[in-house]
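Enquirer: Okay, handing you the structure first.
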Amino acid sequence: MRRRRYRQITWRLMLSVISATLGASFQFGFSTGFVNNMEMFLLHYFQTQGIVPSDALPQDDAFRFWWSLAVSAFAFGGMLGTCVFPALADRIGRKETILSTSIFSYLACYFMAFPRSWFDLILGRVLVGIGAGGACGAVPSYVTEIAPNELRGTLGTVHQLMITLGILVSQTLLTSKLHLLGNDQLWHYSLLVPASCTTFLLFTLPFCADSPPFLLRTKGEEAAKEALSWFRPGDYQTKRRMYRELRHMYHEMELADRATLWEVFSDELLWKPMLVGIVVNLSMQFSGIDAVFFYSTSVFLSAGIGLQNAQFCTTLIGLCNVLVTIPAMMFMDLFGRKTIQSCGLGGMCVSYVIMTVGLVFNLHFVSVTAMLMIICFFALGPG
């Protein structure tokens, strides 16, 4: 049975999945982890450009204000992207929407590589946030809609995996101890990585088919059949299976068209599941994980750990995030989503207490271990 499932993974299907996730999801992760290890490099660069005083320090109020504004601008851009791109995806299609995020990636790389002012850096963060917000909606939809029903769960996790890989790559490149791009002269060139991924997206995704359900809604059954045949060619693709998938798409369309958003919120039977969904999402947003991804290096520095060691510890956090995300995908089906979510949030809560104790009493090993635990529990549950 399992062998028959994985026979449905064709090179065309994988090309589409990798193109979309590497070209868009990876950007989200890279932008999330990029700012963590580059703070000191940016400070030195701004000092040489005369943007900040030559004696400025990371803990100065003025620098801290502008740096925090630049970091949080990513979230503001993400909010804009999630408001605009879902409607665009329904109008022009998932594939075209993913391709349209590339313009924001290129512009963001341009403004952030050699910023001439704080405004350039903040604008770059807003732009990359808009692209990431669009990717968060369009990429999972595209991947799950082009995947066979039996593989939707498996291929759907590639989006999250690419995000964690993007975080790890950005942190690794900017770690001084690893002697890659983590210095005052080379940090700018780390942005060639997201630019290259965007170029890969533009050279591959246009040759892939669009989402069959979208084509069924907008261009009719023949266009959807053509897309299905492109993704799953050969002997496997029989007419019987194709018509079964088309019937499933028609059924999903009927369910989607049956109720408006107001009708959904007015239905008392849906209040409980909606409340659960809202609380689960809020628990992730307020779990403090963004502070870890954005400011872990600063936290380690304030605890008395040297810059190179602080950057290295941050990279270890990114590595733990990737390594735990992979088995977490299997644990989800084994133990259930509710159990995994509860264990993850509970473990994060305990880890925050341990980290606080470590920071208060200057116990470096305890602080680093606790932050690694936070990431592991996040990747296991909410992440």
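Each residue, glycine too, has its Cβ placed from N, Cα and C.
Straight out of TrEMBL:
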DOMAIN    17-383  domain 'Major facilitator superfamily (MFS) profile'
TRANSMEM  65-85  transmembrane segment
TRANSMEM  121-143  transmembrane segment
TRANSMEM  155-174  transmembrane segment
TRANSMEM  186-209  transmembrane segment
TRANSMEM  275-296  transmembrane segment
TRANSMEM  316-335  transmembrane segment
TRANSMEM  347-380  transmembrane segment
Enquirer: Could you pull the average pLDDT for the domain 'Major facilitator superfamily (MFS) profile' (17-383)?
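Expert: Within the domain 'Major facilitator superfamily (MFS) profile' (17-383), the model's average pLDDT equals 86.
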Enquirer: Of the listed stretches (275-296, 316-335, 347-380), which one yields the highest count of Cβ-Cβ distances below 8 Å with the transmembrane segment (155-174)?
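Expert: The stretch with the most contacts is 316-335.
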Enquirer: Which sequence-distant residues neighbour the transmembrane segment (275-296)? Criterion: at least 6 residues beyond either end, Cβ under 8 Å.
Expert: 32-33, 35-36, 71, 75, 167, 313-314, 317, 341, 345, 348, 352, 371, 374-375, 378, 382-383
